[in-house]
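K.L.:
The structure under discussion is supplied below as structure tokens; questions concerning it will follow.
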Amino acid sequence: MSRIRLVDSVKAAGUAAKVAPGDLERILAGLPRDPSVEDRVIVGTRHNEDAAVVRLPGGQSIVQTLDFFTPIVNDPYHFGRIAAANALSDVYAMGGEPWCAMNIVCFPVKRLPESILADILRGGSDALREAGAALVGGHSVEDDELKYGLSVTGLIDPEIIASNAGLRPGDHLLLTKPLGTGILATAVKANWPGCDAHEEELFRWASRLNKGAGRVIRELRLKAATDVTGFGLGGHCLEMAGASGVTVALDTAALPVLPGVTELAGMGLVPEGSHANRAHCHKHVHVAPGVSPVLVDVAFDAQTSGGMLLAVSPDQMDAATTLLAETGDPAYPVGEVLKPLPGGVRLLLR
């Protein structure tokens, strides 16, 4: 039997299928808030955070998130692991530890065999086991397009929360995974020459848990972090800069890039979601003369289960890189936090 190409069954792959940031911003702006329950919300929707932090009776707090998307790879087990790793990342990004999770399934039962879904769920279950989180249920609907993800609940110390609003001038920025998953996923979906190798590289990185980075946040009590996903490194930096009232400077020549990504981007294999990210951000971005247009595309590439971006003070750099090395995670220095630049520039690509 021929191999089923899951990516051919969907319009857009992975986090590139997200609603464009500008559209989402307009939609959410009209949602009302309920003042009667605001006192239980420690971190909510104000700064586009990775997850919510909610206060419970008795002094405990939980972190909650959900994430689901369409396939970015063809192997169903790999897709399940990637989707679970991506959902877990939001908990790690806040400084929490995953506790339990529930599956979210949209499945075309008339077009794909049940074995596909079984393998997807097995991949998700294995990722949760690695994270030490319990799978406690889920919900499924029949859909024209395959989608999978999880709702994750974690435990968190309310005194140790990393947020988008915690950047401070002088902080160094460390990234824990190379960039380019959106571009590789585009090549896989296009069945581009060499796409099997691209798919293996994609799985290798996108299935890695950001567990080690979460440990760094807790042990060093970091104030700012985010996982780099659908809005790209540039888009997430812009969110953090706006929430913190600072400017973020990214050193484009230092950006870690997955094998083959720059060549593919140079040929125009950039997902539509990445173009939307760049268009949404352009008013607050300054690109220095001489910066490669391809690296600008990489900076805004819509990542799926990307790395953690950690804001680390100069005196914490050695400790952060040591802790990451202990769990086998890279620590790529990609930029720094500056005082606000004139003209509303929140992101400098230099």
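Heads up, the Cβ atoms here are built off N, Cα and C, so glycines get one too.
Grabbed the feature section from Swiss-Prot, which reads as follows:
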ACT_SITE  Unk15  active site
BINDING   Lys18, His47, Asn48, Glu49, Asp67, Asp90, Gly138, His139, Ser140  ATP binding site
BINDING   Asp50, Asp90, Asp227  Mg(2+) binding site
SITE      Lys18  site 'Important for catalytic activity'
K.L.:
Can you tell me the three-state DSSP label for Asp90 (Mg(2+) binding site)?
P.N.:
helix
K.L.:
Same-chain residues six or more away whose CB lies under 8 A from the CB of Ser140 (ATP binding site)?
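P.N.:
Non-local contacts for Ser140 (ATP binding site): Asn103, Val105, Cys106, Phe107.
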K.L.:
Across all chains shown, how many C-beta atoms besides its own are within 10 angstroms of the C-beta of Gly138 (ATP binding site)?
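P.N.:
Excluding its own Cβ, Gly138 (ATP binding site) sees 15 Cβ atoms within 10 Å.
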K.L.:
What Cα-Cα separation, expressed in whole Å, is found between Asp227 (Mg(2+) binding site) and Gly138 (ATP binding site)?
P.N.:
24
K.L.:
If one measures from the C-alpha of Asp67 (ATP binding site) to the C-alpha of Asp90 (Mg(2+) binding site), what distance in angstrom results, rounded to a whole number?
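P.N.:
Asp67 (ATP binding site) and Asp90 (Mg(2+) binding site) have their Cα atoms 9 Å apart.
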K.L.:
In angstrom units, rounded to an integer, how far apart are the Cα atoms of Asp90 (Mg(2+) binding site) and Gly138 (ATP binding site)?
P.N.:
19
